[in-house]
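Summarising the annotation, Swiss-Prot assigns active site, proton acceptor to Asp109. Taken from Swiss-Prot, the feature ATP binding site covers Asp6, Val7, Gly8, Asn9, Thr10, Asn11, Ala12, Val13, Thr132. Residues or ranges marked as substrate binding site by Swiss-Prot: Tyr100, Gly107, Ala108, Asp109, Arg110, Thr184. According to Swiss-Prot, the feature K(+) binding site maps to Asp129.
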Amino acid sequence: MIFVLDVGNTNAVLGVFEEGELRQHWRMETDRHKTEDEYGMLVKQLLDHEGLSFEDVKGIIVSSVVPPIMFALERMCEKYFKIKPLVVGPGIKTGLNIKYENPREVGADRIVNAVAGIQLYGSPLIIVDFGTATTYCYINEEKHYMGGVITPGIMISAEALYSRAAKLPRIEITKPSSVVGKNTVSAMQSGILYGYVGQVEGIVKRMKEEAKQEPKVIATGGLAKLISEESNVIDIVDPFLTLKGLYMLYERNANLQQEKGE
C-alpha cells in the first residue's frame, strides 16, 4: 500500500493506493505549527478508522507547496511509518520536458497534475486546478510543459470582498437561485461564482488561441465540480488528479531505483 500526501496552502489531501487503485482519501487543514507527533497521531486516527495501520504502508510520496511544513512531515514519516518519503522536487524523475524559464519555479502540485494529465488524458492539454490559487497549465501535443497562468483562488476573492468591504458578510460559495441577486448574500454569491466562471472561460479561450490548438481541458481541486457545471470550456473533472499523479510518480521512481539496484 502506498501513502500519498499533497500539501496545499489551505488543505492537505491524503490518500492510500492499493494495487493501483485509490482505496481511501482524506482532507485536513494545513497547519504549519503542528509537530511530527501531532501529525503522526492524526494520521493514525485516519488509518485506524479504515482498519489500516502504519505497517500496511510500504512507500510514501509527498508533494508540498508549503516548505515550512516539510520538516515535520518527513520526521513523521520516518518516526511512525519507518519510511523515508519520496519528495516531489529536484532529483525526482518526472519524465516532463519543462519549458519554463526556470523549471525549479514550477510548483510541485502543477508538476504532479501534468504527469497524471498526460498519462490519463493524453495531449495537448490544459489543466485547471482550483486551489488557494487557481492554476492553469498548458501541455502541448509533444507533451512539453509550456507554462501557464496563476490567479487568486475563488476563496481568496470571496475573503477579499468580505475583509475590504465593511458591510459585506462572509459567504458560502454556492450557486445562487438566480444571476440577479435578491439580497446581499445571493448578489455576492452570483458575483463570485459567475465572475469566476467568466474568468475561467476567458483565460482558457486565450490560451487556446495562443496555442493555436484545441487542447482537452481537465479541472481538479475542491471547487472544480461547481465551476464545471456552470462553464462551457471544461471537458473533464477529475477530483483526484493530483493523488493519481503522486502515485504514478512513486511507481516511476521506485521502478528506476529497482533497476539501479538501490
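Placed from the backbone N, Cα and C atoms, the Cβ positions cover glycine too.
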* **the residue listed as 'K(+) binding site' and Arg110 (substrate binding site), distance between Cα atoms, whole Å** => 8
* Asked: Once the DSSP letters are reduced so that anything not helix or strand counts as coil, what is Tyr100 (substrate binding site)?
  -> coil
* Asked: Which of the listed binding-site residues (Gly8, Gly107) has the least company, meaning the fewest other Cβ atoms within 10 Å of its Cβ?
  -> Gly107
* DSSP state at the residue listed as 'K(+) binding site', helix/strand/coil -> strand
* To do: Count the Cβ atoms, other than its own, that fall within 10 Å of the Cβ of Thr10 (ATP binding site), considering every protein chain shown.
  => 15
* Structure fact -> Quick note, Tyr100 (substrate binding site) and Asp129 (K(+) binding site): C-alpha atoms separated, nearest Å, by 18
* Structure fact -> Between the two most distant Cα atoms of the ATP-binding residues Asp6, Val7, Gly8, Asn9, Thr10, Asn11, Ala12, Val13, Thr132, the distance in Å is 13
* Neighbour tally for Thr184 (substrate binding site), based on other Cβ positions within 10 Å of its Cβ -> 12
* Asked: Using an 8 Å cut-off from the Cβ centroid of Asp6, Val7, Gly8, Asn9, Thr10, Asn11, Ala12, Val13, Thr132, can you name the remaining same-chain residues around the ATP site, in sequence order?
  -> Thr30, Val65, Val66, Gly131
